[in-house]
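Here's the structure we're looking at; comments come further down.
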């Protein structure tokens, strides 16, 4: 059996999706955010370096503007996200302050990491914030990102963004929180005998083909984007855990080596019992 070894992990990127932050009613899950802030603050107190990639701007914006569903018009989507981003960061700042942890905001577009000069600048910004003991909270800059073919500003979703951030910050581990328990051998919502994959060492075509489907009603990322993110992590010689974000305290259990979720780590680097 493959044993998870995280004793040497210092820098961690945690990605939380909209479905983990927003209740099915559309209201903000305050308890979940408080638990997440507690866990991250606890890790910081233990000497870990944590970067949070947080979706949720659209969900927060819909709640504030009392809109029941995501608008289809691009300009309105950007407006809703812009309103929601301010509210989300305000709440994060308040809740993290309760645990005496300071946070900052970094909004990225894909062109920032494509061009060497801007990539160097944002990398230096991450390093400076981390050196100050601050938790950078990262999101895509939805108010200016566009999804057209002649533009290079949009990542696509925050699953991919979290993999990019893990790469440019040379993180030891990416923990992706979602509304699913991990990667299954088949769709668990359709097949009762679906089995959770505890460890994935290679992203095969079979895995890619089985990872169909879109994201939640408030978010954009589905299983395919998570698999693509894991592939990006592999290309950077990193590792990732995909796990259910229902209880953020499970992050601490994962770091203790407990086999929760799916661990993505290339086979040549895996240590055996």
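Just so it is clear, glycine is given a Cβ too, placed from its N, Cα and C backbone atoms.
According to Swiss-Prot, the residue from 34, 142, 181 that belongs to the substrate site alongside 55, 158 is 142. Within 10 Å of its Cβ, the residue among the binding-site residues 142, 179 with the fewest other Cβ atoms is 179. Each of the binding-site residues 55, 158, 225 was scored by how many other Cβ atoms lie within 10 Å of its Cβ, and the smallest score goes to 225.
Taking 15, 179, 225 as the binding-site residues under consideration, the smallest Cα distance to residue 55 (substrate binding site) is found for 15. Between the alpha carbons (Cα) of residue 179 (ATP binding site) and residue 158 (substrate binding site) lies a span of roughly 14 Å. It is 223, among the binding-site residues 15, 223, whose Cβ has the fewest other Cβ atoms within 10 Å in the structure shown.
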